[in-house]
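Listed features, source Swiss-Prot:
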type	residues	note
BINDING	Cys120, Cys125, Cys142, His145	Zn(2+) 1 binding site
BINDING	Cys161, Cys164, His168, Cys180	Zn(2+) 2 binding site
COMPBIAS	359-376	compositional bias 'Low complexity'
COMPBIAS	406-417	compositional bias 'Low complexity'
REGION	186-213	region 'Disordered'
REGION	358-459	region 'Disordered'
REGION	473-500	region 'Disordered'
REGION	727-746	region 'Disordered'
REPEAT	780-809	repeat 'ANK 1'
REPEAT	823-853	repeat 'ANK 2'
MOTIF	177-193	motif 'Bipartite nuclear localization signal'
ZN_FING	117-194	zinc finger
Amino acid sequence: MDEVGAQVAAPMFIHQSLGRKRDLYYPMSNRLVQSQPQRRDEWNSKMWDWDSRRFEAKPVDVEVQEFDLTLRNRSGEERGLDLNLGSGLTAVEETTTTTQNVRPNKKVRSGSPGGNYPMCQVDNCTEDLSHAKDYHRRHKVCEVHSKATKALVGKQMQRFCQQCSRFHLLSEFDEGKRSCRRRLAGHNRRRRKTTQPEEVASGVVVPGNHDTTNNTANANMDLMALLTALACAQGKNAVKPPVGSPAVPDREQLLQILNKINALPLPMDLVSKLNNIGSLARKNMDHPTVNPQNDMNGASPSTMDLLAVLSTTLGSSSPDALAILSQGGFGNKDSEKTKLSSYENGVTTNLEKRTFGFSSVGGERSSSSNQSPSQDSDSRGQDTRSSLSLQLFTSSPEDESRPTVASSRKYYSSASSNPVEDRSPSSSPVMQELFPLQASPETMRSKNHKNSSPRTGCLPLELFGASNRGAADPNFKGFGQQSGYASSGSDYSPPSLNSDAQDRTGKIVFKLLDKDPSQLPGTLRSEIYNWLSNIPSEMESYIRPGCVVLSVYVAMSPAAWEQLEQKLLQRLGVLLQNSPSDFWRNARFIVNTGRQLASHKNGKVRCSKSWRTWNSPELISVSPVAVVAGEETSLVVRGRSLTNDGISIRCTHMGSYMAMEVTRAVCRQTIFDELNVNSFKVQNVHPGFLGRCFIEVENGFRGDSFPLIIANASICKELNRLGEEFHPKSQDMTEEQAQSSNRGPTSREEVLCFLNELGWLFQKNQTSELREQSDFSLARFKFLLVCSVERDYCALIRTLLDMLVERNLVNDELNREALDMLAEIQLLNRAVKRKSTKMVELLIHYLVNPLTLSSSRKFVFLPNITGPGGITPLHLAACTSGSDDMIDLLTNDPQEIGLSSWNTLRDATGQTPYSYAAIRNNHNYNSLVARKLADKRNKQVSLNIEHEVVDQTGLSKRLSLEMNKSSSSCASCATVALKYQRRVSGSQRLFPTPIIHSMLAVATVCVCVCVFMHAFPIVRQGSHFSWGGLDYGSI
């Protein structure tokens, strides 16, 4: 019986070990562990409501119920998360329960939270655990929440740890791991132990240990392995290694060897020196070092030199290695979470702590310099600071969160021609300092900074290739011209606007590692806004999983964007210093501004040097550029590098995002990649919605975006004509047409600026509860109104004017600032010059207060409104040929101001519209106005009906002349035009062809009748019949 008892006890002991789940059933290789699939999301975006304007996250009320139903409905979708707890332990449940006393760290909990049956401890979960497994009853967790990636426990998002058997915050878990980071660290340490205890003891050489037999052998093997790796890195692979030498170590072995080297203690004399350096450095820092002893135990100089050489050779020998490590570090199509945490258990943290006290030698480069990769690493001292495991972020003196005096002098202004020249901190740069390191009241932007703009001269309107290229000298000569000047009215063109003065919309991406939306501070928006020195005119954001990826769309001036990217490291230091909370100082995050990439960890900021070498996608256009709210449509996305592996395309709108399924376009010869998005529809919008969304394309941590306007059908029809600006058919345009269109290389940037500004206004119209400063400045309204008039966007102009009136209406009238702005841009003059009858009719009849009585209605655009030189729309139309419709519209205004002012309204030179028309021989204009005045006096209505006979010969000549003008477009068109011209010229006779055909038909009938009448027909009687013998009479 004793033997039987012994045989029974052994399986019970094994089952108890399996229940702890602290050891694997069998040894698993690193390759198998790394190839396990990992879940992408740590939190569900549908469970959080994100305010894109306030930067605030609120949990959804029914998030737990919906999440539970989703998990319960899954059938075998994530079988890799099954715990298989308690299987095979039915016979020994009592034994397992009694053995819990042996494990004091395992807390035995009561089965019920206050009821008659045990329930799950997750909030709002009423799962009955009476018939559940013993494991679930003891730990008060149901099977669904034990496998869930997150659950709401105590009003906090947590996750159940399978090794601790309790709930922890999401920040204590790595991506896809079912156990907390603390348990995994101990588990990884046990797995890295070798099978022989003496080899474990020889991993660290302790002074005074004279038993150096195994230590010397292991040290020699490690040294040989490092030399072999260095030889392979220097291209000496052809040399056959000697017999008995170790093979080339892999990455894990190199990390273990470096970890052993870093564990070596420093000599006593060097320790004393480091003590002095560390004390001096701590005096310059605002917050003391938590553990000064860790900073003193740095690596020896020889170790640092070895690490620098190894890091440099590995980086230079494999150019593609950085890209692979970078894409793996910032996410790809399989995972969006940064894998930097995989190095935390190795040598990375120790290396960063030990390199604090060393100073580099030589100059530092600016973070915005456009240099080659070889020029970026021209300093040996900078390479010495490199770390093997964090090769992507090169440590340098400018990487510190707070620049010191010694390092701040190495930042050069944009005006310096010598990159090695030392400049003192007090030297003032040429460019205006938009981002000062210390915030001061002088750097605050005034509220009316964008409301006031200087009066411009009389410049020709060339925005978006307008047809004003024939305007005269912008410095108009106006006020003293002679009456005989032939084209006095055309010399007073409306002032031009430049899109370069408008803000540029860009994106700043923050990847907050080990965070979830519940940990974001309530002052997040104000902190980012203050970090940018209160410069942005607009800010909008959204979040998505992958820790927390915060994408912030910012509208700033181009100069502000340039300075932010040039001094990104300094600006991040200001963010860490001036933040009112400890959120940024205690967080690990990565910042991407589009051209620069930087990271923060343990109080240090680093810039990526290999960021420019990545193959990033680029969006050229999205067609159509505007979609109707609530309707389904198809999109065509064009750009570069859109078909590479790892590309993801999404649509972001109002704080949420939606992944889009794309298909490759039909193969054809194009210079861009084309992707089709079928069945695209913006969710949760009503039919009259006005807004904007972004189409984003991303590869890893770098991407591009394009604005997409959401509006009604009439506005979308007008805006979709902008698609031609992104892909002009230059091969079908002649030189004269290209000059007349005036579409240079800046056309795409101007159109993007117009779409972005229009999108910001539409977004503000939907989120009117958040009014910032002046809401939307008059200068930005000016830019949108001018662009819309120059494009003949009548529906858009009416919408913009309504929004302008809504924001500037005082006592049923526009305020003085808005009236001055409208008088400055002269919308009616622009429409008259473009001969846009629909736009002129819209502006003439536009009412500020349409709901009031007719006697108190206010019209803004009057025909007699004066511009530069006293020129009015009547003067401008009178001196323009072919403007009969313009004269008719301007003299048919509701208040009849144009009709009564035709003969009396004078400009600065004393000329009236009547004299303008007479000088340009447009006498029909004067006749038209005179007839209308006569009808008004006689209270009658007269109609002018003209009968015009089109000369076929003249029409043929005009057609041939037009074909000759356009015959130089291409060879095929010239051939067709030549044939058409010959055919027309050959058919020119005395009589036109239709008349000849009619004459021939009549002649044919006459001949037939004559022949029939004069013939001698045969009669039945046989006698001849003669027409001459016939007589007439009654029958």
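Keep in mind that glycine also has a Cβ here, set from the backbone N, Cα and C atoms.
Values in this document were obtained by computation on a predicted structure and should not be read as measured data.
For the pair Cys180 (Zn(2+) 2 binding site) and Cys125 (Zn(2+) 1 binding site), the C-alpha distance works out to 23 angstrom. Distant neighbours of the repeat 'ANK 1' (780-809): 450, 453, 461, 463-464, 466, 497, 499, 502, 537, 690, 712, 714-715, 717-719, 721-722, 753-754, 757-758, 760-761, 765, 815, 817-818, 821-822, 824-825, 827, 830-831, 834, 836, 838-839, 842-843, 846, 848-849; these residues of the same chain sit at least 6 beyond its ends, with a Cβ under 8 Å from one of its Cβ atoms. In terms of DSSP secondary structure, the repeat 'ANK 1' (780-809) contains 26 helix, 1 strand, 3 coil. The Zn(2+) 2 site is set by Cys161, Cys164, His168, Cys180; from the centre of their CB atoms, other residues of the chain with a CB within 8 Å are Arg159, Phe160, Gln163, Arg166, Phe167, Glu172, Phe173, Ser179, Arg182, Arg183. Considering only the binding-site residues Cys161, Cys164, His168, the residue whose Cα is spatially closest to the Cα of His145 (Zn(2+) 1 binding site) is Cys161. Taking the binding-site residues Cys125, Cys142, Cys161, Cys164, Cys180 in turn and counting surrounding C-beta atoms within 10 angstroms, the largest count is reached at Cys142. The local packing around His145 (Zn(2+) 1 binding site), expressed as other Cβ atoms within 10 Å of its Cβ over all shown chains, amounts to 26. A simple Cβ count within 10 Å picks out one of the binding-site residues Cys120, His168 as the most packed, and that one is Cys120. Residues of the zinc finger (117-194) grouped by DSSP class, helix first, strand second and coil last, total 25 helix, 17 strand, 36 coil. For Cys164 (Zn(2+) 2 binding site) paired with Cys142 (Zn(2+) 1 binding site), the C-alpha to C-alpha distance reads 16 Å. When the Cα atoms are compared, Cys120 (Zn(2+) 1 binding site) and Cys161 (Zn(2+) 2 binding site) turn out to be 15 Å apart.
With respect to their backbone Cα atoms, His168 (Zn(2+) 2 binding site) and Cys125 (Zn(2+) 1 binding site) stand 18 Å from each other. Across the repeat 'ANK 2' (823-853), the DSSP tally of helix, strand and coil residues reads 18 helix, 1 strand, 12 coil. Cys161 (Zn(2+) 2 binding site) is 13 Å away from Cys142 (Zn(2+) 1 binding site) when you measure Cα to Cα.
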